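The compositional bias 'Polar residues' annotation in Swiss-Prot covers 207-236. The phosphoserine feature in Swiss-Prot is assigned to Ser197. Feature annotation from Swiss-Prot assigns region 'Disordered' to 193-238. Look at Swiss-Prot and you will find 142-162, 245-265, 328-348, 362-382, 393-415, 425-445, 454-474, 484-504 tagged as transmembrane segment, backed by sequence analysis.
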Amino acid sequence: MARPPPLLVQKPSFLVEACCSPSPATHLAPYHTQPGARTPSTIQRDLLFPIPRRCHARSSPRPPALGGGPTQRLQHAARSAHPIPPSVKEIHPTFSEIPRARASDCCAAALGVQHWPARHPHPPLPSISLAVDYYLLGQRWWFGLTLFFVVLGSLSVQVFSFRWFVHDFSTEDSATTTASTCQQPGADCKTVVSSGSAAGEGEARPSTPQRQASNASKSNIAATNSGSNSNGATRTSGKHRSASCSFCIWLLQSLIHILQLGQVWRYLHTIYLGIRSRQSGESSRWRFYWKMVYEYADVSMLHLLATFLESAPQLVLQLCIIVQTHSLQALQGFTAAASLVSLAWALASYQKALRDSRDDKKPISYMAVIIQFCWHFFTIAARVITFALFASVFQLYFGIFIVLHWCIMTFWIVHCETEFCITKWEEIVFDMVVGIIYIFSWFNVKEGRTRCRLFIYYFVILLENTALSALWYLYKAPQIADAFAIPALCVVFSSFLTGVVFMLMYYAFFHPNGPRFGQSPSCACDDPATAFSMPPEVATSTLRSISNNRSVASDRDQKFAERDGCVPVFQVRPTAPPTPSSRPPRIEESVIKIDLFRNRYPAWERHVLDRSLRKAILAFECSPSPPRLQYKDDALIQERLEYETTL
């Protein structure tokens, strides 16, 4: 079958940037323009079809996580260094105002620094003071456990934070080096999407799809950086760092993390970026705004990990001590209350930061954040009270239960095929850490519809809470009367029920995408391409350009096909005659056959690829309905529909 005419007419690199394909065999279109040259048409293209980024690599799917580094922040920073031309403002009024850092975002970061000693384990003053009290009272066992949880959470978070810094620093250096190479006279800067390094070397073959996606993002960063070197701030960031400057940065960051101040540094950096965003002009406001959003998402992820590595075990320990001693000290109560609030707030604030950092997700309102906080507060309270009651009687069996539950949850998370990190080993470490979170609360690690997984998780939690509470009541100490035992059991089950009610309220009334109940999987969310429309001016000029460049484009495609020595990746053929089935009849459409395996890419990259292809084809062909995508492994149709319903 003859290769169809290309979809690109003015700048063939559009599909490369739009699809963000990390395939080593994909040679879509090289650059035919001088690197750095930007015309009104290319600027309109960038604004009408923003380059899909990997969003937050350390997030639930994005970002988001250990070894994957943060989202490629320079991608938006480089592109936004140019002010929006008036012609584009007239076509798309939504781009007329570049967002600034809101005062609420800056206040949230400031509150994180202000309440850092009480909520973050770097160092948590109440826990350290309590450990000192245990040591002075001769309770060496309680002193050791309290101090161990403090050190465990602090060191783990500093290691994660420094690992992210290393990845960010190396990625930025790689991108700036590539951009500076392309800016040299006579340099061959043809962009070919491959799985090589950021410089485009096709010989390097990463071992994991995550690494392919990361390198592809680096290539896009280098390409966008080379196109925005006219701005002063971007030009400064694009210069290759000297050896002395790099050494100073490494030394400073090493000292900060050795002193256990990695989170404080990131919070202060977030506030600084927010202030710069509000004070900067229109040309660089977008750049600082998105850098602030991504930095706050990173520090929220660190807060989440630190909280569940330190505050959650600390809370169970203090409640167990209170039950065993039948006494409550003021410092114990304050530490337990602060830990419980920190656990619930960590989950709610992370969801807020995650949605703010992803332009494909609707932002979550502050009322929804409060509802989420209440949901996690009551469910975690029921969980830790149950643990404390059971551990006060069965210390050994409680440890066995925790290890067994953690192993089961970790295997479940691994089975979900999370894709937060670069390497497989880092992914396993991250899944093990998330398994600790699953001991206490629900944490979504997979894109798509989570109704079934959410129901299974809370059903298991309810069974465990019931079994542990019943065993404690049957084998409790004789001095514990029913006047204490029965109210304790009532608190456990009423708190769990209250948390479930708040969860249902969130999904029924406060979810950003609207009510999530009563929707069938097939129509839960329409494809975003159906709502995509182009301005009449752009659509008319696009059709005219396509009709005028048919012959030239076909010759160029034939040349590229002969050079590559492989079959075309994208083929368009008419829809096959429909076969009798239970599905309702579909509108007549074209099927795009993609000669690639979809499952070889990370989940978010697959979703970006689908969405970008539809938008590009729908925009340039002006089809009344979006085309359907068919992969080689299209037997798993439900998986594709699952990601399509997340927009």
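In case you wondered, yes, glycine gets a Cβ from its N, Cα and C as well.
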Which range wins on Cβ pairs under 8 Å with the transmembrane segment (362-382): 245-265, 328-348, 393-415, 484-504?
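Answer is 484-504, with the largest number of Cβ pairs below 8 Å.
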Which sequence-distant residues neighbour the transmembrane segment (454-474)? Criterion: at least 6 residues beyond either end, Cβ under 8 Å.
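For the transmembrane segment (454-474), the list is 379, 382-383, 386-387, 389-390, 392-394, 401, 405, 438, 442, 485, 489, 492-493, 496, 500.
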Can you work out which residues elsewhere in the same chain, 6+ from the ends of the transmembrane segment (328-348), have a Cβ less than 8 Å from its Cβ atoms?
118-119, 126-127, 129-130, 133, 300, 303-304, 307-308, 311-312, 314-315, 318-319, 321-322, 369-370, 372-374, 376-377, 380-381, 384, 440-441, 443
